[in-house]
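Beneath this line is the structure, given in structure tokens, with notes to follow.
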């Protein structure tokens, strides 16, 4: 589960894709 704004964070954006 990814929180909103995680996609903007390079440390978490990889989980957004």
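Cβ atoms are placed via backbone N, Cα and C, with glycine included.
As written in Swiss-Prot, here are the features:
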type	residues	note
DISULFID	6-16	disulfide bond
DISULFID	6-12	disulfide bond
DISULFID	7-16	disulfide bond
DISULFID	7-12	disulfide bond
SITE	9	site 'Important for binding to human alpha-7 nAChR'
SITE	10	site 'Important for binding to human alpha-7 nAChR'
SITE	11	site 'Important for binding to human alpha-7 nAChR'
SITE	13	site 'Important for binding to human alpha-7 nAChR'
SITE	14	site 'Important for binding to human alpha-7 nAChR'
MOD_RES	16	cysteine amide
If you count the other CB atoms within 10 A of the CB of residue 6 (disulfide bond), including all protein chains displayed, you should get 14
Among 7, 9, 10, i.e. the recorded positions, the one with its Cα nearest that of residue 16 (disulfide bond) is 7
Cα-Cα, residue 13 (site 'Important for binding to human alpha-7 nAChR') versus residue 7 (disulfide bond), nearest Å, comes out at 4
Here the 10 Å Cβ neighbour count for residue 12 (disulfide bond) comes out at 13
Students should find that the Cα atoms of residue 12 (disulfide bond) and residue 6 (disulfide bond) sit apart, in Å rounded to an integer, by 5
